[in-house]
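Going by TrEMBL, these are the annotated features:
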type    : residues           : note
SIGNAL  : 1-33               : signal peptide
DOMAIN  : 52-210             : domain 'NADH:ubiquinone oxidoreductase-like 20kDa subunit'
BINDING : 52, 55, 155, 197   : [4Fe-4S] cluster 1 binding site
DOMAIN  : 230-308            : domain 'Cytochrome-c3 hydrogenase C-terminal'
BINDING : 235, 238, 258, 264 : [4Fe-4S] cluster 2 binding site
BINDING : 273, 292, 295      : [3Fe-4S] cluster binding site
């Protein structure tokens with residue numbers, strides 16, 4: 001099979017539309033890349049911090065390819081607390097083995113925010129030997145050894161709902177933990193943020209495929225997100241954009257018209273939801289008549305609240 005060029009890969013990622021998933025377009029490429037990962041023994045370790053496991057559920061609902069195919073045939077997923085058979089030390093021993101044998105080669109996936117207050121004791125992920133390991137310690141230890149760190153979902157990327165005020169457990173996103181001086185220096189080159197609440201299976205599998213195919217991190221925006229998925233705002237591609245331009249605004253949920261007056265945050269939300277949809281292109285927030293609440297953004301949820309609070313609008317009709 002001919003290997004896609006980087007330009008072709010990124011272009012194909014932008015082609016996905018409702019009813020035609022990224023997986024349909026990249027099916028052979030994904031199978032080839034991930035199967036090669038197994039063949040070359042590139043392990044993937046998935047750990048969880050403060051989360052609802054919604055991102056795992058979203059990925060488990062992937063249809064094309066099915067998650068069964070991904071997990072059983074093409075991906076070398078060595079550790080995931082929800083779906084692996086082993087538990088307790090038998091499970092965490094796998095993490096230790098991967099970190100020791102594949103330092104600099106394995107991919108670390110982190111789901112959920114990372115509590116750092118009280119030395120991270122608000123989130124203990126298991127025992128390593130006789131010592132309890134917090135999510136904070138696990139991230140610092142494994143993150144330093146991983147080839148790439150994928151922050152899977154809003155909470156892992158930016159803290160998300162667990163980091164909402166008053167945030168007593170001190171939850172931070174992955175990059176904020178690995179790079180506490182992140183506002184004074186560039187984002188760590190090995191951290192990839194896949195935001196949205198929950199993550200989109202296409203975004204995760206597409207990013208993983210890129211890393212395994214080209215052995216490098218895809219182009220990222222200033223918040224560490226792949227530009228191929230987070231390069232345009234919801235507002236840019238919203239099906240209700242003509243209503244905005246014409247000054248037609250919905251007064252209540254269920255009305256036709258732009259939803260800006262009902263709290264839509266599509267102006268600031270960077271994601272390809274309008275083209276890609278969710279649940280295999282079945283639907284997405286605005287198509288269902290609900291405003292976008294910018295779950296892809298660093299300021300979510302506090303900076304996007306109240307969810308249905310009106311934002312200033314400047315359509316031609318106002």
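Cβ atoms here come from the backbone N, Cα and C positions, even for glycine.
In this structure, the CA atom of residue 273 ([3Fe-4S] cluster binding site) is 12 Å away from the CA atom of residue 197 ([4Fe-4S] cluster 1 binding site).
Of all the binding-site residues listed here (197, 235, 258), 197 has the Cα closest to the Cα of residue 295 ([3Fe-4S] cluster binding site). For the domain 'Cytochrome-c3 hydrogenase C-terminal' (230-308), DSSP puts the residue distribution at 24 helix, 6 strand, 49 coil. Least crowded of the binding-site residues (52, 155, 197, 273), judged by neighbouring Cβ atoms within 10 Å of its own Cβ: 52. Distance noted between the C-alpha atoms of residue 52 ([4Fe-4S] cluster 1 binding site) and residue 235 ([4Fe-4S] cluster 2 binding site) is 28 Å. In this structure the C-alpha atoms belonging to residue 238 ([4Fe-4S] cluster 2 binding site) and residue 292 ([3Fe-4S] cluster binding site) are separated by 10 Å. Neighbours of the [4Fe-4S] cluster 1 site: apart from 52, 55, 155, 197, residues of the same chain with C-beta atoms within 8 angstroms of the site's C-beta centroid are 51, 53, 54, 111, 112, 153, 154, 156, 160, 161, 198, 199. Here residue 155 ([4Fe-4S] cluster 1 binding site) is positioned 29 angstrom away from residue 258 ([4Fe-4S] cluster 2 binding site), judged by their C-alpha atoms. For residue 155 ([4Fe-4S] cluster 1 binding site), the spatially nearest entry among the binding-site residues 235, 264, 292 is 292, judged by CA separation. Calculated from their C-alpha atoms, the gap between residue 235 ([4Fe-4S] cluster 2 binding site) and residue 292 ([3Fe-4S] cluster binding site) amounts to 9 Å. Mean model confidence of the domain 'NADH:ubiquinone oxidoreductase-like 20kDa subunit' (52-210) amounts to 90 (pLDDT, 0 to 100 scale).
Cβ proximity to the [3Fe-4S] cluster site centre (mean Cβ of 273, 292, 295, cutoff 8 Å) flags the following additional same-chain residues: 196, 234, 265, 266, 269, 271, 284, 285, 286, 293, 294, 296. Report note: the [4Fe-4S] cluster 2 site is defined by 235, 238, 258, 264, and the residues of the same chain whose CB lies within 8 Å of the CB centroid of those residues, excluding them, are 234, 240, 241, 244, 259, 260, 266, 267, 286, 292. Rounded to a whole number, the distance between the Cα atoms of residue 264 ([4Fe-4S] cluster 2 binding site) and residue 55 ([4Fe-4S] cluster 1 binding site) is 23 Å. Mapped onto three states, the DSSP output places residue 52 ([4Fe-4S] cluster 1 binding site) in coil.
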